[in-house]
Amino acid sequence: MEAEPPLYPVAGAAGPQGDEDRLGVPDGPEAPLDELVGAYPNYNEEEEERRYYRRKRLGVLKNVLAASAGGMLTYGVYLGLLQMQLILHYDETYREVKYGNMGLPDIDSKMLMGINVTPIAALLYTPVLIRFFGTKWMMFLAVGIYALFVSTNYWERYYTLVPSAVALGMAIVPLWASMGNYITRMAQKYYEYSHYKEQDEQGPQQRPPRGSHAPYLLVFQAIFYSFFHLSFACAQLPMIYFLNHYLYDLNHTLCNVQNCGTNSQGILLGFNKTVLRTLPRSRNLIVVESVLMAVAFLAMLLVLGLCGAAYRPTEEIDLRSVGWGNIFQLPFKHVRDFRLRHLVPFFIYSGFEVLFACTGLALGYGVCSVGLERLAYLLVAYSLGASASSALGLLGLWLPRPVPLVAGAGLHLLLTLSLFFWAPKPRTLQHIWILYTVAVLWGVGSALNKTGISTLLGILYEDKERQDFIFTIYHWWQAVAIFTVYLGSSLPMKAKLTVLLVTLVASAASYLWMEQKLRRGVVPRQPRIPRPQHKVRGYRYLEEDNSDESDAEGERGGRGDCAEEEAPPAWPRPGPEPAGLYRRPCPYEQAQGGDGPEEQ
């Protein structure tokens, strides 16, 4: 089989006729300079452009996969370490032998308080941090704080665990808000790179049709949440391969438990104070924590090395140049938008249902009846069900937009009503298949919920100037819901199920009402994004055609303070009128001796 000829001839190589080409010009080292550095005679501009944008699209896919894998590893390490730490510190013998009278339960309660209470203030600083550091660097910084929390467990003391837990609580909302913003921006960039010919025909200032990036957003969000839900399974690996070998069986740990399921009160009332048959060696604990630390460091490297920037540098400058006071205020001003107000119940329910799966369902129904040694397998079933079902979000490509989100809510409604009337008996394994089925189905509903909400926000708010504010509001309400669950952890199971059911019905009704308003043509009221104010008036921002103009600015280009051209003066200028828009020459033009754009 003959080798394919190279696409372009090598400069200076002998032509088909020896040392001279067909025009009689010498080739090789004796060739003229134009022949060596000039354009290739068979250069195909269209083919090169196609290859260039294909590399760009592959780069976007690499960004999405790297961000998804980084988020999965980060959250998996955090959940796995926290779960293992709380089980070890719960055991009376472990506390007395390892730490004496240091007060580990008090430290754990303050640590959980730091993780759950600190995000309440995140609405005040998250948009400022994302605009200051940029989306990618905010992700990297937040993942680094998660790694810091892991590292403090090498030396478990009050002054290491509690401050790191507070820092972790401060990083929760910025991490997931920047992740949601990043995936949405990647979908928009993939559309631009896939339809570059249409962009060339429309011009750089024309925004793409509304909703044009929605198919790519559905695919990218499905990929992201498939990875994210796998983090719950990754978190169980320390339990399965390490801690389960030290646990008592259910006959010992559940000997004093009387009620489970809907009849239970609080979290595992009557659970035995000793759950470890033998204490793990300190050396083994250090090995496990070192593995977790290495995985957290790998997540940092994934975000740092493989995730590209979400915005061009000049776009980052524009996003920061609207003023820090405006950046601080804009999340609150977006409350004017009726779409966000109608989605707030769904934001709250999204936080409720994840915590219920990890605490109410896994502990109140699972551990309470089949023992602590099967906790990991229940959460793995939930994780795999949610991860596989994230692909169901792609149904939005063919079905009406409300169908996946309402289907997930309907599935959770049926499961919640069923759990109202089910009280499994303690220390009984006959119904374990029901627990696994409920866990998988709850994961299916969670996947439809998370994928549907994130995709909906990316479709409703396409302006790149708003996306970080919108995802900050979404994840802040999730943090508020998680804090509420933390406060109500001692409530009876029936009260928890009632709150979950009421929130679910209210969220579904509110969302359908919002869709009805949009179908009637009700125009949402959005706060105006101020025009960027650049303190350094460099030549980059004095061109007539501003290629970095944002979409919102392009729509407001002919109005008042958003106009690109300066208003004419009230008095006539002396001398002849310039042909175009007058400005002073920039320093580069002055150094070249020119008089500005008029000189050819």
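Every residue, even glycine, has its Cβ placed from backbone N, Cα and C.
Just so you know, TrEMBL annotations never went through curation; they're auto-generated.
Per TrEMBL, the features are as follows:
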type     : residues : note
REGION   : 1-33     : region 'Disordered'
TRANSMEM : 60-81    : transmembrane segment
TRANSMEM : 111-130  : transmembrane segment
TRANSMEM : 137-155  : transmembrane segment
TRANSMEM : 161-183  : transmembrane segment
TRANSMEM : 216-243  : transmembrane segment
TRANSMEM : 285-311  : transmembrane segment
TRANSMEM : 343-363  : transmembrane segment
TRANSMEM : 375-398  : transmembrane segment
TRANSMEM : 405-423  : transmembrane segment
TRANSMEM : 429-448  : transmembrane segment
TRANSMEM : 469-489  : transmembrane segment
TRANSMEM : 495-514  : transmembrane segment
REGION   : 524-600  : region 'Disordered'
COMPBIAS : 553-562  : compositional bias 'Basic and acidic residues'
Would you kindly list the residues that approach the transmembrane segment (161-183) from elsewhere in its chain, counting only those six or more residues past its ends and only Cβ-Cβ distances under 8 Å?
63-64, 67, 71, 74, 78, 107, 110-112, 114-119, 121-123, 125-126, 129-130, 135-136, 138-139, 141-143, 145-146, 148-149, 151-153, 217, 220-221, 224, 307, 310, 454, 457-458, 467-468, 471-472, 474-476, 478-479
Spatial neighbours of the transmembrane segment (469-489) far in sequence, C-beta under 8 Å, 6+ residues away
112-113, 116-117, 119-120, 122-123, 126-127, 130, 172-173, 176-178, 180-181, 184, 266-267, 330-331, 334, 340, 343-344, 347-352, 354-356, 359, 453-454, 457, 461, 495-496, 499
Report, as numbers and ranges, which residues of the same chain sit near the transmembrane segment (285-311): CB under 8 Å and 6 or more residues beyond its ends.
59-60, 62-63, 65-67, 69-71, 73-74, 76-77, 80-81, 84, 134-136, 139-140, 143-144, 146-147, 150-151, 153-154, 181-182, 185-186, 238, 242, 319, 464
Lying 6 or more residues past either end of the transmembrane segment (405-423) yet within Cβ distance under 8 Å of it, the residues of that chain are 259-264, 346, 349, 353, 361, 365, 434, 438, 441-442, 444-449, 452-453, 456, 494, 497, 500-501, 504-505, 507-508, 511-512
For the transmembrane segment (343-363) and the transmembrane segment (137-155), decide whether they are in contact, meaning at least 3 CB pairs lie under 8 A, counting pairs 6 or more apart in sequence.
no
Chain residues in Cβ proximity to the transmembrane segment (216-243) (below 8 Å; excluding those fewer than six residues from its ends, i.e. six or more beyond):
64-65, 67-69, 71-81, 83-84, 87-88, 179, 183-184, 186-188, 190-191, 194, 280, 284, 288, 292, 358, 375-377, 379-380, 382-384, 386-388, 390-391, 393-394, 396-397, 443, 446-447, 450-451, 454-455, 458-459
Which bits of the chain, at least 6 residues beyond where the transmembrane segment (60-81) starts or stops, bring a Cβ under 8 A of a Cβ in it?
139, 143, 146-147, 149-150, 153, 168, 175, 179, 182-183, 186, 189-190, 193, 220, 223-224, 226-228, 230-239, 289, 292, 295-296, 298-300, 302-303, 306-308
